[in-house]
Amino acid sequence: MTPTTPAAAPPGPSRAGDIWREVTHHGLFWPVLALVLLLLACGIASPGFLDVTVRDGHLFGQLVDLLRNSATPLLLALGMCLVIATGGIDLSVGAVMAIGLAVSLTYLDNAADPSNIGTVLTAVLLGLAVGALGGAFNGAMVAGLGIQPFIATMILMVAGRGIAMLITQGQITTVTSPPFKTIGSGFVLGIPTPVVIAVVAFVVVAFVVRRTALGMFLESIGINREASRLAGVRSRQTTWTVYVIAGLLAALAGLVYGAPTMAADANNIGLMKELDAIMVVVLGGTKLDGGRFYLGGLLVGAMLLSSLERAVIIFQLPSQTTPLFKALVLIVVCVVASPTLRSMLRGRRRADRAQTPASPVEPADAVGVTA
Amino acid sequence: MTTDELVRTQGTPDTVVHRARRALRGLDRRFLPVLGTVLTLALMLGMGQQRYSTERVDFISMKLLSNLLVDNSYLLVLAVGMTFVILTGGIDLSVGAVVALVGLSIAEMFGAGLPLPVVLVVGVLIGTSCGLLIGVMVQVFDIQPFIASLAVMFLARGLANVISVNSLKIDHPGFSELAAWSLKFGEGRQLWRINASMLVALAVLAIAFLVLHFTRFGRSVYGLGAGDGGAAVNLMGLRPARTRVWVYVISGTCAGIAGVLFALYTKSGFNLTGIGMELDAIAAVVIGGTLLSGGVGFVLGTGAGVLVYGLIQVLIAREGLDSWWTRVFIGVVLLAFVILQRVLAVRRR
């Protein structure tokens, strides 16, 4: 489901060229193309890649694994996207992942019966509550004190990992609790639990944002906070809510990510995941300036990220080279989608047609485009 | 004779008084965040002096200062470069990964038998080219600095991983000599020293100070941070586009220098070096009183910020706390500074 179409339909007769331009100008055209090409390439390199089999009533296959791996970045990116829509950024999601998981597992570790469903539920709720608390802290800094989001959330990013270490006493807490493990490695109706959790979260957020006025408020805050406040949008409360949601989703992502191993490694869980989440949001066609946001793009972005990670393994490249390919995809998608390149190309084409000396639209005039 | 000179010749005593008064009033506005940094530094030093001094050795000593500079020289260089970028309202997330890439490249180049000067220069130039890449993406393709530098961070980290995932030892004799070189002062417990990386870091700081406060380029950097996309700078006849690319080149070059210094410090290259180092640098800049929104701040404040950063680690080690407390304390100090800046900003309005 794509809640909105980024590119508005141009007025006038719809010729094939216009349709083509509309498609290629759609914010998701390049990411989707990249994803499809990547999946096809994987399918060619490893023949069984695109097969999905049913075993014991559960879906199995590389594609299913891919979906499972997309769950964590999708959950993080969901919160991140809303925060970015308000013109902010949340750098603390990785640290919040670690804190949430540390709290949950420490509670389970100290509980009398870690396999008890009630205990597991309490542990999960505790983890989520701590995540929401972290989000509330961020929100208080950004909406209450008016501190720049980058620096406000950086505080929790720096301190959060230390806090998680304090919770686990600097050790890697490991617990055995089958019900908890199900969160990360189980199946619901044959579909991996993380996928179900991520899809449910996505649908809920999409519904709340697009079927209530919240989404419009977010966009108006992201475009001009002061103007939307004057127009009657409760910008403080809304911004605060968004950070709490982001914290909550980050903690959920932490639980989903850490549940299969059941080990709270406060130093490494969620390390650099905030940057992955931001990358997913950007690949999904949302600009970091705030204002417009596309939830549907997150699905593509998350899939692109995890299939990139998988493709590196399939092509038998060392897995440490993954960042290199992330960088290439990020650069290519950003540059191709940048209006500058488009106007450069368009200018050249027009110049060719007119057979006059090329006078393309200046890529970046001396005034300098806003960063 | 310019008008400036005319004014000066007409009423010298008046202007001196005026200037002093103006300076005091100026202190109110721009120097307060830095004053906060200096006060924090003094407070921490005082606390250290009180708690850890013995009859024979003072906590505050040349030895402490020299150790702080030796241990944090690479961070100082990184933070100085970051100050340029942040003053224009941008950000550079790539520096930590660049440090790792430069360290590994140096190790690899020594392995290939290249001479010392070539290796050092190429090491720094690797950083410069990373910075140039970010600058071009930001200026020409209008990509947000955050994303552009994130891409280069992934790029540098990936390249570092391609070179090696193991720690590479650097045992080039000339390099080791450079790392070991130091001037010793005092003796016994009072012994302190000056080494090469310290000198490089202080030189970078001094050059940055001169460039930012006494050149056209420096004014452009401050002007770009005014938040109008460089329009004012352009009207003043300065060159915003060129400046914006240059600040990233400077930051990248500083990252290259920091990579060399870090290699000198550890005598090895490792691909996991510098994860989170960019945030250490940003934190030091913010603690040093530079506003992340750009346009306000001093590079000497950044120097003080790095000292505060290093001193937190020293105090925590002396207190016998576990190392993860460091991160919590840095978060708390960061929080205090951000709130201080906010209070000052509100009062200014």
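Each Cβ is built from the backbone N, Cα and C atoms, and glycine gets one as well.
Automated prediction, rather than curation, is the source of TrEMBL annotations.
According to TrEMBL, the protein has these features:
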TRANSMEM  A:28-53  transmembrane segment
TRANSMEM  A:74-105  transmembrane segment
TRANSMEM  A:117-137  transmembrane segment
TRANSMEM  A:149-167  transmembrane segment
TRANSMEM  A:187-209  transmembrane segment
TRANSMEM  A:238-257  transmembrane segment
TRANSMEM  A:293-317  transmembrane segment
TRANSMEM  A:323-341  transmembrane segment
REGION    A:348-371  region 'Disordered'
State the non-local partners of the transmembrane segment (A:238-257) in its own chain: residues 6+ outside its ends, Cβ under 8 Å from one of its Cβ atoms.
-> 71-72, 75-76, 78-80, 82-83, 85-86, 88, 90, 92-94, 96-101, 104, 124, 127-128, 130-136, 138-140, 142-144, 183-184, 193-194, 197-198, 201, 205, 214, 217-218, 221, 269-270, 273
Surrounding residues of the transmembrane segment (A:74-105) on its own chain - C-beta under 8 Å, 6+ positions past either end = 123-124, 126-128, 130-131, 134-135, 138, 142, 149-150, 153-161, 163-164, 167-168, 173-175, 180, 197-198, 201-202, 205, 209, 215, 218-219, 221-223, 225, 238-239, 242-243, 245-258, 262-264, 266, 269-274, 276-278, 280-281, 284, 286, 288-293, 295, 298-299, 301-302
Counting only pairs at least 6 apart in sequence, do the transmembrane segment (A:293-317) and the transmembrane segment (A:323-341) share 3+ Cβ pairs under 8 Å?
-> yes
